[in-house]
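**Q** Input: one structure, supplied below.
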Amino acid sequence: MNNTRSKVRYSRAPSPPGLEEAISDGTVKAKGKSSSHAEKVFEEVCNTDSETDEDSTISDIGELFNKARHLLCPTAFHRQITYLYAERKLMVFFLVHLVSTLVIWSHFALRKLDVQLANVPETANRYWWKIIAPPLEFGSMHAILFQMSLIPLTMARYTISSLCDSFLGKILPLNRSLRMHIHLGYTMITIVFWAVIFFFVFFGVLCSDGEQAFCEKFTEEIMITGYCILAFLLLVGLTSYFRHSIPYEIFYALHHAVFIMYFVTIAHTLDIEARTVKERSQTFKWFTSTLLFYFCDRAAMHLNHKYQTKVTGSSTVAGTNGSRMIILKLKKPILFQFKAGQYACLRIDDIDNHWHPFSIASSPNAEELEFYIEVHGKKKSWTIQLWDMLSEEKDISNIRKFVEVMGPYGTSLAKTEEYSHILSLGSGTGIVPVLSLFKQHVRKMLSLDPIRYLQELEHREIRLNRVQLEMDKRKGCIAKKVYAICRSNQQVVIGNQDKLEASIRKDLIRHDELFNLSDIRTNMAGLRKKADQSTRSLYGIVLLCLAPVFGVVVLGLTISWNTTEVDLAPGMFVALEVITVLFQAIFGFASLCVWDSTSISNYIDLVFCLVAPFADWYWFIVYELRGAKLSPDEVILASIFHGYMTLRLWSRAVSPRHKTWKKHVDATGSAAANLNCLEMIWTTRSASQASKILPDILSHYNALVAAWGSHNAHKVCRVSVYVTDPDLYACTLLDQEFGSCGIKIIYGRLDIPRSIQDHTLRMIDSHRRSYSLLAFCGSPKLAHEIHRSKISNDMITAITGHKKHQMEFVSESYGGPPSKSKLEGKAQTRPDDENKQDFGLNSRSDVRYESPNNSFSDSKTLDDMSFI
């Protein structure tokens, strides 16, 4: 084993005069300069006039964008609609879950109400209490069981990772599975909380009235198990709420008390009465299947996706503000295949037997797994013990033997085969998944010939434009196409949207030429009206998101009311018929008059629309003329019928509005099938953190520059770093270390709308059409802000006549917000003047145990540079 250790302490010359003053107002930009001779020669022969023309064109379009943003400022209502549109996939799931819970609650409450009406005499004490309270409690119990049946599915990490690219991944927010899990848990706690209060009030009032049977209920076996369920649920709920304030190991152990709660819940309805004479609704029927599925998922994780591996290298980086970070490199197991944005769990038996999740920072096609691990917590935390193990001056071959990896899990950050350009943003340690995507892109570029690749990109751009022009001719709903055929006029398929956007653009340009106040007001009124017309489709999509929720209501009530033993009132069947016809009308309008008919599924929708009146006529005969319910076979057919409509509405409501044809145009094996350009933006509050991760970014970017030249490298990869550390001296030290590197470092806040707009402007200037991805990793709060800015940018892009440039959004948010102390850290310790030359942000200790066998020609260069 090659066990070498080298300690590096960064030091640079003192910062230039005035740097701290410039940092304080956020105007410092440390832009990289080329160092290689080849780059300098290339830059000297580069045509600067073309760059000036490009900047001029972008400036003109940018001025138009800014004018539209200023004049057409959205209202608060419009911003709320924009938010709902941005979160429509999660919103539809929450609404579907809500109405499903209500349907289940009403189904069992109705059954209990029928029993109470039959058994409770009208002369009974507190008659209405005894009629209403038991149905409410019975319905709540089954609503709770419904949550318990869904929660194990959100915990099946292996299954979620496998389904992220399937049809379910398109309609369900699987990348937000943690958010779904938390939502289900808090929903269950809320129902239990109110049900318990109502239960004790009901039984307490009747007990105080002298009814001894209700007093005895408090000490029966079923009540004791109920107390245990409540205790375990409160334990899990409270530790989940304070999960960021307690050690991870304690939270992880206490959270598993939920399984004890499941088993106690099974025993809850197997009390002495159920074991003797009374028939109860058994709880195990609800969640046993999903709980067993979860155990199968866990077994697959531990038996098929657990690997033992070796440590190939490590770096321990200590900041002068007290922060510490471990860069751990493991040999990648042969069967371990992951995608950029996924995470893995690590376990080192010498520390403890718990699994700890970390995002993977290495490229998917690299021979190593790389993890950036922040060291924090108390003295005996897992990260501190790992730090002590790696930083000690001794042979650490023991951890090479016992490091275990399990995974990968989570969803991929981006499907690079579907997009031509990606704008990736990371905040804080959220840069780690983005780094994986960045390294993957750089490694692919290093395996290509730059001249040939850029030429193939031009040819692909031509083919892609031709395909999309032909597809534009075929767009249009079924109703418009039929009307065009009947009128023998194919131009009817083309709408008036292009004319409207051209009119808006013309009015924006001439706005500055108006001097008369009346003309300005008239022009503004016309602009706002036209802008509202051009963005009206946004309102329609948000309304369309309610259609699948309505479909779940129809489907649920059809099953519930036709399978219950309760005799329903005639008016209930009339209401069911009305909402069924209304739902089918919504589906018919959307499928025939809204959706583009470019696939066979649209014509299957047409068949369902034609069959719907006959199905309604038959159901009307059953309900009204026969006065009966549907048979089990008829319920199944009705469920399939309405289920298809609901799934179609669901998938179309949450799917992207525009389709990319990139992967269909790309020829198999073509170099141009790769991503055109990746732009990576990292914003961090800590200059020390930036100093820890920047060497890894630079090693890859400099390798690309060395192979492609700075000009060509800038065409396929852009890197920007924003540092918002309030400590001016820390920023000075960072500039001393990386002020002359090959990437752009800006000391100030990231202007999110401006960054998204600049990306769009570059697409408009260089491409006729583009299909980009905006990918973000970081806090959920910042993800919402970025998503809103993206939607606002989309609106401005559309109303200025550039709707052919589309952008999709995806975000990943693993873990939780860091503690306040972790964010603030300590101020940099300012040394004496005579020692300032030898002072840096971090001291770094690098260890290389063995070199992995890499599979492509430039990987050796990257591996060597990453430990400089």
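Placement of Cβ uses the backbone N, Cα and C atoms for every residue, glycine included.
Got these off TrEMBL a minute ago, pasting:
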type     : residues : note
COMPBIAS : 1-10     : compositional bias 'Basic residues'
REGION   : 1-36     : region 'Disordered'
TRANSMEM : 90-110   : transmembrane segment
TRANSMEM : 184-204  : transmembrane segment
TRANSMEM : 224-243  : transmembrane segment
TRANSMEM : 250-270  : transmembrane segment
DOMAIN   : 304-415  : domain 'FAD-binding FR-type'
TRANSMEM : 538-561  : transmembrane segment
TRANSMEM : 573-595  : transmembrane segment
TRANSMEM : 602-623  : transmembrane segment
REGION   : 810-868  : region 'Disordered'
COMPBIAS : 821-837  : compositional bias 'Basic and acidic residues'
**Q** With a Cβ cut-off under 8 Å, give me the same-chain residues at least six positions beyond the ends of the transmembrane segment (224-243) that come close to it.
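**A** Answer is 182, 185-186, 188-189, 192, 196, 250-251, 254-255, 257-258, 260-261, 264-265, 267-268, 271, 816.
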**Q** Out of 90-110, 184-204, 538-561, 602-623, which stretch touches the transmembrane segment (573-595) the most, going by CB pairs under 8 Å?
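**A** If we count Cβ pairs closer than 8 Å to the transmembrane segment (573-595), 602-623 scores highest.
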**Q** Per the 3+ Cβ pairs under 8 Å rule, pairs at least 6 apart in sequence, do the transmembrane segment (538-561) and the transmembrane segment (90-110) touch?
**A** yes
**Q** How many helix, strand and coil residues does the domain 'FAD-binding FR-type' (304-415) contain under DSSP?
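**A** Per-class counts: 17 helix, 46 strand, 49 coil.
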**Q** Taking the domain 'FAD-binding FR-type' (304-415) alone, what is its mean pLDDT?
**A** 84
